[in-house]
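One structure below.
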């Protein structure tokens, strides 16, 4: 099938820029292409995984024997009608927020700077600074396991901390209901949010963002820092000096380096603090 490449290195398809390869890889641009790829996969009887911009995943250094579907280029469009905005799943989240701010529509500004696509952000219920993407979500258009396209209302979707019941669906687009506001004030808020991220997070480095979810009544970064793990390295993977809940690739880290460091941090925090951290990053093929 022309849309599918074979034996592809994955480092250019996810934020960590580390190891991994896929037996098959596809980057559909339309729903029709996506449907054709899924039909091909079903006939072949091979496993598959779907990623967006690759901002929250880590592939192992081994070959993934199935199909990786990259949705970053799918449905890259935004439509506005009054204070409603419908956004294709492949639109980068920061692009959506810049569009809504310029349009004088408020509600998403606190999410500015979260890496990844709009579709992936809905799937994991991305959040920051007291706002979650589900707060302003009205509907999501999805592709189900049987190949049917349909819409789910906000009430039909269960959202939790960095998770949703959309797992198992492929998000195609999302509709948001926002509030009118002054575009200039929204621009200032976006700039302030970006400044906070630049100050506290290693945004200039290759990473997946937060490695661990926030434990109850605590912060993963605080626990990791209190264990004296800032700056710890395995190979070219490092616990960020800027924010301890970020593990960065200093340039030549393998997936094994990153994975071993994640495991070491998790084990150390549990041993010293009695708190079992849960990964926010999705570990694939380990």
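Each Cβ is built from the backbone N, Cα and C atoms, and glycine gets one as well.
The annotation domain 'FAD-binding PCMH-type' is assigned in TrEMBL to 17-181. Restricting the average to the domain 'FAD-binding PCMH-type' (17-181) gives a pLDDT of 96.
Note: residue 162 (active site) has non-local neighbours 124, 125, 126, 127, 213, 280, i.e. same-chain residues 6+ apart with C-beta under 8 A of its own C-beta. Under DSSP, residue 162 (active site) is assigned to coil, being neither helix nor strand in the three-state scheme. Taken from TrEMBL, the feature active site covers 162 (among others).
The active site, proton donor annotation in TrEMBL covers 210. Residue environment of residue 210 (active site, proton donor) contains 22 other Cβ atoms, counted within 10 Å of its Cβ in all protein chains.
According to TrEMBL, the active site annotation covers 280 (among others). When secondary structure is read from DSSP and collapsed to three states, residue 280 (active site) falls in the coil class.
According to its DSSP assignment, residue 210 (active site, proton donor) is coil.
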